[in-house]
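Q: Annotations for this protein, taken from TrEMBL, read as follows:
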type	residues	note
DOMAIN	79-138	domain 'Potassium channel'
DOMAIN	169-251	domain 'Potassium channel'
CARBOHYD	77	N-linked glycosylation site
TRANSMEM	6-26	transmembrane segment
TRANSMEM	86-105	transmembrane segment
TRANSMEM	111-131	transmembrane segment
TRANSMEM	161-182	transmembrane segment
TRANSMEM	194-212	transmembrane segment
TRANSMEM	224-247	transmembrane segment
């Protein structure tokens, strides 16, 4: 058991180190390019508008950054829709209890921040209990489907594999394949960006670089973000089951491989002992 836990810890650390190296390789050069390009754009702006100096420009950039941190989109004007109407507030409440936390919007008042703490304190366990019951309901439907699919003479493993394939295919279509088409049409994203947003959201990673209903140049229906929040809830339940199944299969496979290696080592030692000739015993008289 200790050897298995050590193997799991080492594998986990190795996976983190591998991810760090790959992300650094892929993103660091692009970040340097964008940083240099931004500095070049600021120099061009100062050259075109000589009435401004660098300090004034930096102050204006700071104002833009503070506005963005407060959830105000610098694009557009004061006629932009509010981030705290009922639909957007409903969507934000969903991101709190599901622990997605995009980061593009957060309470700015002290009262709102304190309420958010206690709202999450009770809302996160409530959300977990709700998702647990929703997962049990999905599992019950899967068992019903398994009994319907299972026929006399058909192996149980084959039936379970069929049900798992149906579960994965249906959920993938409903929660990962079709939603990006809708988001691409409404938000103007590419399908790859929509798929990226879909998975990052349902896995509760929630970077906040892509969020639905935040473009001030687009007109959204009032219930758009509320419908997106409902989709998120059911998608979370489905993907959580997928992650649980994947983790269980991975753990069983690794434990089986580790157990087989231990057995092979033990059998090798036993064979070695059997091959060795028996040594003459020395009798010590009393």
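Keep in mind that glycine also has a Cβ here, set from the backbone N, Cα and C atoms.
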Q: Most CB pairs under 8 Å with the transmembrane segment (194-212): which of 6-26, 86-105, 111-131, 161-182, 224-247?
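A: Between the candidates 6-26, 86-105, 111-131, 161-182, 224-247, the best contact partner of the transmembrane segment (194-212) is 86-105.
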Q: Does the transmembrane segment (161-182) come close to the transmembrane segment (86-105), meaning at least 3 CB pairs under 8 Å for residues 6 or more apart?
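A: Contact absent: fewer than 3 Cβ pairs fall under 8 Å.
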Q: Using a Cβ cut-off of under 8 Å, list the residues of the same chain at least 6 residues beyond the transmembrane segment (224-247) that approach it.
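A: Residues 87-88, 90-91, 94, 98, 100, 130-131, 134-135, 138-139, 164, 167-168, 171, 174-175, 179, 186, 198, 201-204, 212-213.
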Q: For the domain 'Potassium channel' (79-138), what does DSSP give as the number of helix, strand and coil residues?
A: 41 helix, 0 strand, 19 coil
Q: What is the number of residues in the domain 'Potassium channel' (169-251) that are helix, strand and coil, as DSSP sees it?
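A: Taking each residue of the domain 'Potassium channel' (169-251) in turn, the totals are 59 helix, 0 strand, 24 coil.
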